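Now, the feature entries from Swiss-Prot:
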- 18-38: transmembrane segment (TRANSMEM)
- Glu41, Gly46, Pro443: Ca(2+) binding site (BINDING)
- His64, His380: Fe(II)-heme a binding site (BINDING)
- 66-86: transmembrane segment (TRANSMEM)
- 103-123: transmembrane segment (TRANSMEM)
- 148-168: transmembrane segment (TRANSMEM)
- 186-206: transmembrane segment (TRANSMEM)
- 237-257: transmembrane segment (TRANSMEM)
- His243, His292, His293: Cu cation binding site (BINDING)
- Tyr247: O2 binding site (BINDING)
- 269-289: transmembrane segment (TRANSMEM)
- 312-332: transmembrane segment (TRANSMEM)
- 340-360: transmembrane segment (TRANSMEM)
- His370, Asp371: Mg(2+) binding site (BINDING)
- His378: heme a3 binding site (BINDING)
- 379-399: transmembrane segment (TRANSMEM)
- 414-434: transmembrane segment (TRANSMEM)
- 447-467: transmembrane segment (TRANSMEM)
Amino acid sequence: MTNLVRWLFSTNHKDIGTLYFIFGAIAGVMGTCFSVLIRMELARPGDQILGGNHQLYNVLITAHAFLMIFFMVMPAMIGGFGNWFVPILIGAPDMAFPRLNNISFWLLPPSLLLLLSSALVEVGSGTGWTVYPPLSGITSHSGGAVDLAIFSLHLSGVSSILGSINFITTIFNMRGPGMTMHRLPLFVWSVLVTAFLLLLSLPVLAGAITMLLTDRNFNTTFFDPAGGGDPILYQHLFWFFGHPEVYILILPGFGIISHIVSTFSRKPVFGYLGMVYAMISIGVLGFLVWAHHMFTVGLDVDTRAYFTAATMIIAVPTGIKIFSWIATMWGGSIQYKTPMLFAVGFIFLFTIGGLTGIVLANSGLDIALHDTYYVVAHFHYVLSMGAVFALFAGFYYWVGKIFGRTYPETLGQIHFWITFFGVNLTFFPMHFLGLSGMPRRIPDYPDAYAGWNALSSFGSYISVVGIRRFFVVVAITSSSGKNKRCAESPWAVEQNPTTLEWLVQSPPAFHTFGELPTIKETQGELQTRK
């Protein structure tokens, strides 16, 4: 009973972080299964495994997106790494609102159940993650499936907003003595910016899907031209949330990568303040570019010109981050342990994803590329190889601190190489498919596209083998087998202590700090003084 009480009613940031990780892993496996089903259907032209049920194909696409975004990346990045390490990194005893933290987590399992049950009601919700009306309207999806999906989004949104409030309060008010804002570790900064993005964007999504709910059930016409509404209004509202959302997914990853590159290059991050302001700029600009998802809906030409220019400007702070990571590695004595491999892979692949993003930012080109596989390739390069690689990198970097045991290095490196090969083989051919005009969200295609699709599907099977390696690593590390106990500082940062988590035992005590640590000087400040 005590164990049940410990995990059900926990107010400890580490326990809640662990719950988020377990939840994210379960949702991630489910989302991966859906993606493999999608790739099996697309492996050859014609109907393969779904027997011509094209609505079911769209339900799979929708579920895959929701699971990966709202139930895997966000819980693991913000809920998992955020809860586990933000309090430790700032020298705080716990989060500001521990019980709010608990309810933030426990809103997610019911939300997941609602999403999964929506697939079982009538024909499921085959709207794509954007849930555009009129397809999501009562005439096109007459059952309760879309309503259940909307309620699922509401719950997960409430969870995220409560979590954001908690992080903002914690970071502003609970820093240890001497831990000024300009001394905050970059991961903490990234979580802070992310929390503000969530707080400002999620209420807009909530408004949009609530209006959709009343359109479906109470005969309002917010998005129905017959009653003076406009479906384009929904798109504006959705993307005003949806674009900051993609930065919410990647920003904590930026923070994690900064820590890893610094640790394994044996030097402080190049241009710390520049990194901080770059993240803040990305956060602000993220709210000013939403309509680049809507270049094909008939926006005015000067509107399109503005959104093209604004979107390209986002590349500037992103470029500052990329070059600062490279400058951090420049001249460092680099150790290519598994976390560093994932970090370097992240930088390389995220840059490719960013380049295709610059291509899509051109409103003229986007007319041709919108809703083709080029877009799918673009956002999977920044998510499937950006956010997910950052998750893996963070896992290998901090796993000793979490479990108190070292991971098997060779298996970790095998996991990296299989996954790296698999995801590139899956998503690189999609650029060619998109340039040839293959449309997204369609379960069949002309024979001309068969070659690249076969290759892409083969790549996704390889990725699954890589992810199985990962769970082998987790199993070995978490069991008390041969792997040795983890030192306080497994990456030998004693000579170069950069952040507080390497000064506490592994795993940290239930209450991390007996007394709050006082910060005298950071490594970066020391460097500058020299």
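Just so it is clear, glycine is given a Cβ too, placed from its N, Cα and C backbone atoms.
Feature annotations (Swiss-Prot) mapped to structure.
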{"residue": "Glu41", "record": "Ca(2+) binding site", "Cβ contacts under 8 Å, 6 or more apart": "Asp47, Gln48, Ile49, Leu50, Tyr57, Leu60, Pro443"}
{"residue": "Gly46", "record": "Ca(2+) binding site", "Cβ contacts under 8 Å, 6 or more apart": "Asp444"}
{"residue": "His64", "record": "Fe(II)-heme a binding site", "Cβ contacts under 8 Å, 6 or more apart": "Gly31, Phe34, Ser35, Ile38"}
{"residue": "His243", "record": "Cu cation binding site", "Cβ contacts under 8 Å, 6 or more apart": "Gly286, Phe287, Val289, Trp290, His292, His293"}
{"residue": "Tyr247", "record": "O2 binding site", "Cβ contacts under 8 Å, 6 or more apart": "Thr194, Leu197, Ile282, Gly283, Gly286"}
{"residue": "Asp371", "record": "Mg(2+) binding site", "Cβ contacts under 8 Å, 6 or more apart": "Thr296, Pro439, Arg440, Arg441"}
{"residue": "His378", "record": "heme a3 binding site", "Cβ contacts under 8 Å, 6 or more apart": "Gly353, Thr356, Gly357, Val359, Leu360"}
Cα separation, His370 (Mg(2+) binding site) to His380 (Fe(II)-heme a binding site) (Å, whole number):
15
Near His370 (Mg(2+) binding site), which residues of its chain come within a Cβ-Cβ distance under 8 Å, counting only those 6 or more away in sequence?
Phe295, Thr296
So which residues does the transmembrane segment (340-360) touch in its own chain, when a touch means Cβ under 8 Å and the partner is 6 or more beyond its ends?
250, 253, 257, 260-261, 264, 292, 311-312, 315, 318, 322, 325-326, 334, 366, 369, 374-375, 377-382, 385-386, 389-390, 392-393, 396, 413, 416, 420, 423-424, 431
Can the transmembrane segment (66-86) be said to touch the transmembrane segment (148-168) if we require at least 3 CB pairs below 8 Å and skip pairs under 6 apart in sequence?
yes
Report yes or no: does the transmembrane segment (269-289) come within contact of the transmembrane segment (447-467), defined as 3 or more CB pairs under 8 Å with a sequence separation of 6 or more?
no
If one takes Cβ-Cβ under 8 Å and requires six or more residues beyond its ends, the residues near the transmembrane segment (186-206) are 78, 81-82, 85-86, 89-90, 153-154, 157, 160-161, 163-165, 167-168, 171, 237-238, 240-242, 244-245, 247-248, 251-256, 258-259, 269, 272, 275-276, 279-280, 282-283, 286-287
Mind checking which residues reach the transmembrane segment (18-38)? Cβ under 8 Å, same chain, six or more beyond either end.
7, 10, 49, 57, 60-61, 63-64, 67-68, 71-73, 75-76, 79-80, 83-84, 105, 108-109, 112, 402, 460-461, 464, 467, 474
Take the transmembrane segment (447-467) and find every residue of the same chain, 6 or more past its ends, with a Cβ under 8 Å from one of its Cβ atoms.
29, 32, 35-36, 39-40, 42-45, 415, 418-419, 421-427, 429-430, 432-433, 436, 438
